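Working notes for the structure below.
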């Protein structure tokens, strides 16, 4: 039998790691559902296995199973285990597993890992031969109909989006002040969700009059102004859209951008908050951005775009120029200027 070389061993290990890649997402979800981070945080001091087991909300707890879950979480570097005392504590990333603060990532974790929202991934390859709608194949209907018929899932999705937007908005208002200080008196936010980003902009720049114009499928619940962006966009010095264009194909995006161009005055601009895929695969967000691209392909038929893709799209919509600013967030800011 052939001896396994060191290189072969390393390559096999990489494949095994990818085979069980799903485990990290689901163990992370389990940690959130069990409130492990909350329990350790509330206790202040590190906790032994038995102490932690006795304080978790779910009771009674099987300590052996909890130990094995914690072992995996420690391996993920989300929690620490002291080699001497055998007690557990929070590692720095675990603060994002705590509920109830503005940078908590719990809603995003629960949304992205939801069993219905992950179901289309099982049909990833189906779309290569024909025009398969993976979401519809997995759940029996397209995503927009599904959301209307399943309000609890729609709420879960919107909470995840709002969570993502809070993280983005913090970076936006702190790192991109110049975007909002060049003659913008009015700003219209157009999108699907809770208006989290526009509210943050309004709070950070109170001199700008901000309005929220939501897509029809969510207006009824959020008491905002309904707007079909394919037909018209509200007039303002700046149009703001976050995570909207990635839901649509290039032709549909060009239509939306043309409506935006018609709505802004000379000296105005369109501010787009969306993923810009990295050509540098070493960027901390590069893998997440590529995964987002696949998620959009599966869920809506949309896509994430590279810097070059964005420039071509904006040029095709008739804009004169654009500027892309990278932030310390999953999304970047793309400013499109009509003149």
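Cβ atoms are placed via backbone N, Cα and C, with glycine included.
According to Swiss-Prot, the residue from 164, 182, 309, 315 that belongs to the substrate site alongside 243, 244, 245, 246, 247 is 164. Other residues of the same chain near the substrate site, with their Cβ within 8 Å of the Cβ centroid of 164, 243, 244, 245, 246, 247, are 191, 241, 242, 274, 296, 302. Only 161, 165, 191, from the binding-site residues 161, 165, 191, 228, 229, place their Cα within 10 Å of the Cα belonging to residue 243 (substrate binding site). In space, 191 is the closest of the binding-site residues 161, 165, 191, 229 to residue 244 (substrate binding site), judged by Cα positions.
Between the CA atoms of residue 246 (substrate binding site) and residue 165 (S-adenosyl-L-methionine binding site) there is a gap of 15 Å.
In this entry, substrate is bound by 164, 243, 244, 245, 246, 247, whose most widely separated C-alpha atoms sit 16 angstrom apart. Counted within 10 Å of its Cβ, the other Cβ atoms near residue 161 (S-adenosyl-L-methionine binding site) come to 20, all protein chains included. DSSP assigns residue 246 (substrate binding site) to a helix.
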